[in-house]
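Peer 1: Before I ask anything, here is the structure I am working with.
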Amino acid sequence: MTAISDTTTRQASSPYGEAARQALWAALLSFGLFFFFIGLESTQDISNRLILQSHWVTLAIVVALVALGRFLFIAFVIPAVDRRRANRAPIAVVDEKDQSFIRRHRFKIMIALLVLYPIFILSTAGLQGSLKWVNNFGVQVLIYVMLAWGLNIVVGLAGLLDLGYVAFYAVGAYAYALLGTEFGLSFWILLPAAGIMAAFWGIILGFPVLRLRGDYLAIVTLAFGEIIRLVLINWREVTNGSAGISGIPKITFFGLFDFNISSPDYILKVLPESIVTLFALRPSGAYYTIFLYYLILALAMLTAFVTIRLRRLPVGRAWEALREDEIACRSLGINTTNTKLTAFAIGAMFGGFAGAFFAARQGFINPESFVFLQSAIILAIVVLGGMGSLSGIAIAALVMIGGMEILREMQFLKIVFGQSFTPELYRMLLFGIAMVVVMVWKPRGFVGSREPTAYLKEARAVSSTFTKEGHG
Amino acid sequence: MADTNLQTPILSVEHLSMKFGGLVAIGDLSFTAPRGEITALIGPNGAGKTTVFNCITGFYKPTEGMITMTRQSGEKFLLERLPDFQITAKAKVARTFQNIRLFSGMTVLENLLVAQHNALMRASGFTVLGLLGLKSYKDASRESIEKAVYWLEKANLIDRADDPAGDLSYGAQRRLEIARAMCTGPELLCLDEPAAGLNPKESLALNELLLGIRRDTGTSILLIEHDMAVVMEISDHVVVLEYGRKISDGTPASVRSDPKVIAAYLGVDDEEVTDALVEVGDDHILEEGDVAPPPALGPSETSSMFEGPIEDTVEEAGSETIVPASPAASKAAQVEAQTGATDPVKPKGPAQ
């Protein structure tokens, strides 16, 4: 008791002294931790002997950074947070009533920003410079947003833990790749076909796992994902095995024009001469990327629209009720078998759409794109965003996937860690750290509360303390 | 509704048996629930009341026996053959649970909308038409909210409609569960201990809700209850179970004065049984304790049910009806052995 009161009084009197003390401890701890990880490196010399190489400067920098971070955290961040918490309580009640313009129209604003994003990039980075930004940050993130929204139906709404979601992504991708290359069918025909096929496989998976819950369900779905991948690897006659399928046809603009420079329907050849000269358009791959961006944006918006609609329909409510209490569902006359199967099928369908898009965008696919890690990342995005919340999931996808892409750009870290430091190798480490931090800070994800699907007087979000995660 | 239908009981249970391995939870139970009445199923803890409920509502498949539900239209359903969800959807039997099972993360209103799933599903063209946003679904949706509001008003929950169900007080959750069951449009409502954990005021409100349901909708009610105030007050018909067998069946007044019921359930305290056994020199008791019998000796659950006017009967039931037997034996059987069995329902001693 005395020790506790001692520290609190000391903290209150001078945060800097306490911060310095804590920083020293943090430095010691990190020194102990990183001594072998960073400080020493065992390598072979020319005559193949094992020698120890020391990196004292790097170690010192890391330890100093940790100590500095701890010092700043104790001395400034914690008092600031406390002050804000003390000040915030009375204010929050007041401004809850009159929501600001931005808050009320936040979804419309978000969509407008997403639509304007490529135009903004084009005007700042130019035609060639825009490629990277639109492709890596736009298309890549939106694919994951769509996948996570699809998985959200299964995991977030119906509460069925699915660790093999990437299987449906693979089914969609291979459906488009095989049918597109073999029969030359158009993307616009194969997109629904890929969705239907994935939904079919969703039902195939759904049937045997209907009776399973929780951990058992997770394991079986995990196995299902692996089965699909192994079939893709080993069924060489059809899938070409690990070598994958290349030369997947590009998407055309509904057959009106396309994006192959050599094709007679190339966009610049089809567009009126005046427009081409007016904007001084040059042949470039950027048109296709921008087209892909708007396509995946439309697909993602379709996913969101359908999810929002479905939540207000009886089937969507039944999914959420299933997550809350399956036995009560059955006592109310809900056919839980059909309800689960529709959740699997519709979730899988959006995975299939995303897969077909992915195949068309890459032009080449092989089973390496559909490993378990992909399922894990998609699931992580759903959990991180807050199960069931579309906006939370979109933010999580942006943070996780966009964050990973940003790390490629952080070449300045080489100055700190030496020329041999490759930031992209640390992507997964930071991914993990980010997840731990978010889960500690917000255990139910970015948006833990759920919006009611119907209301009498006013729609009040349901706090995450009441919602359940489902039993599998 | 045809006139003949009035006489046919809404639910008839015939020769129902349920065995879990070697344990006979229910043995050859037959009873009927009259149409438009409130039937109470009572009995000491472990008598198999909830098992009977689970058999009726399809959560268990009975080992033997037949459960017939006759709807107002005259349609008959053999409940033991239907999958559980169809018992609610087609046979129109709704139930509540002993430990409340609400969708706690959904609002009160949403809970009632989920209960109207099947009607809304048809209205939404099995999702397809609803997805397209057709008007027919919007109308059905509005109607479903009106129906929910009707039951919210009945259950006195209208002010809490937009709150999460998990945020309600215990009594309100009980009422909401009944309102939710009513939203499925049942003809038979099965309530598993609706008054458990309610204070006297809430219990009174519950009585009114149940009587109101019967009066306004003509729904028959089958309920399990430990609170004798509720049972005697509202039920028209009482079935008493002990060790999975029926020991009495009739109006509340007749059941109340049945000596077997008094012995089994209402009358004799476990301590009194032990006292009586000590008095007559039962071997088990004498072996077990050399002092006055400790209260923990027998299963103490039954002792908690002695409340109100029923307690008056304890005295009469006391020493004269107790016969020497092993402590676990059916008390009703003890009475029968003493008085000579005249009732056709013969308990065959303890179910192990």
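Each residue, glycine too, has its Cβ placed from N, Cα and C.
Unlike curated entries, TrEMBL annotations are predicted automatically.
TrEMBL lists these features:
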TRANSMEM  A:23-40  transmembrane segment
TRANSMEM  A:56-78  transmembrane segment
TRANSMEM  A:109-131  transmembrane segment
TRANSMEM  A:137-155  transmembrane segment
TRANSMEM  A:160-179  transmembrane segment
TRANSMEM  A:185-209  transmembrane segment
TRANSMEM  A:216-235  transmembrane segment
TRANSMEM  A:286-308  transmembrane segment
TRANSMEM  A:341-360  transmembrane segment
TRANSMEM  A:372-404  transmembrane segment
TRANSMEM  A:425-441  transmembrane segment
Peer 1: Are the transmembrane segment (A:216-235) and the transmembrane segment (A:425-441) close enough to be called in contact, which here means at least 3 C-beta pairs under 8 A that are separated by 6 or more residues?
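Peer 2: They do not touch: fewer than three Cβ pairs between the two stretches lie under 8 Å.
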Peer 1: Decide whether the stretches the transmembrane segment (A:372-404) and the transmembrane segment (A:185-209) have at least 3 CB pairs under 8 angstroms, with pairs required to be 6 or more apart in sequence.
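Peer 2: Contact between the transmembrane segment (A:185-209) and the transmembrane segment (A:372-404): absent, because fewer than 3 Cβ pairs are under 8 Å.
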Peer 1: Considering only Cβ pairs under 8 Å, which range in A:56-78, A:109-131, A:341-360, A:425-441 makes the most contacts with the transmembrane segment (A:23-40)?
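Peer 2: Looking at each of A:56-78, A:109-131, A:341-360, A:425-441 in turn, the most contacts to the transmembrane segment (A:23-40) are made by A:56-78.
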Peer 1: Can you tell me which parts of the same chain pack against the transmembrane segment (A:185-209), counting only residues 6+ beyond its ends and a CB-CB cutoff under 8 A?
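Peer 2: Counting only partners 6 or more residues beyond its ends, the transmembrane segment (A:185-209) has Cβ contacts under 8 Å with 164, 167-169, 171-173, 175-176, 179, 217, 220-221, 224, 228, 249, 251-252, 254-255, 340-341, 344-353, 355-357, 360.
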Peer 1: Would you confirm whether the transmembrane segment (A:160-179) and the transmembrane segment (A:341-360) meet the contact rule of 3 or more C-beta pairs below 8 angstroms, pairs 6 or more apart in sequence?
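Peer 2: The transmembrane segment (A:341-360) and the transmembrane segment (A:160-179): touching, yes.
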Peer 1: Counting CB pairs under 8 Å, which listed stretch among A:137-155, A:286-308, A:341-360, A:425-441 touches the transmembrane segment (A:109-131) the most?
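Peer 2: It is A:286-308, which has the most Cβ pairs under 8 Å.
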Peer 1: Any residues 6+ beyond the ends of the transmembrane segment (A:341-360) with a Cβ under 8 Å from its own?
Peer 2: 143, 146-147, 149-154, 157-158, 160, 162, 165-166, 168-177, 180, 187, 190-191, 194-203, 205-207, 210, 245, 248-251, 292, 295-296, 299, 302-303, 306, 310, 315, 319, 322, 369
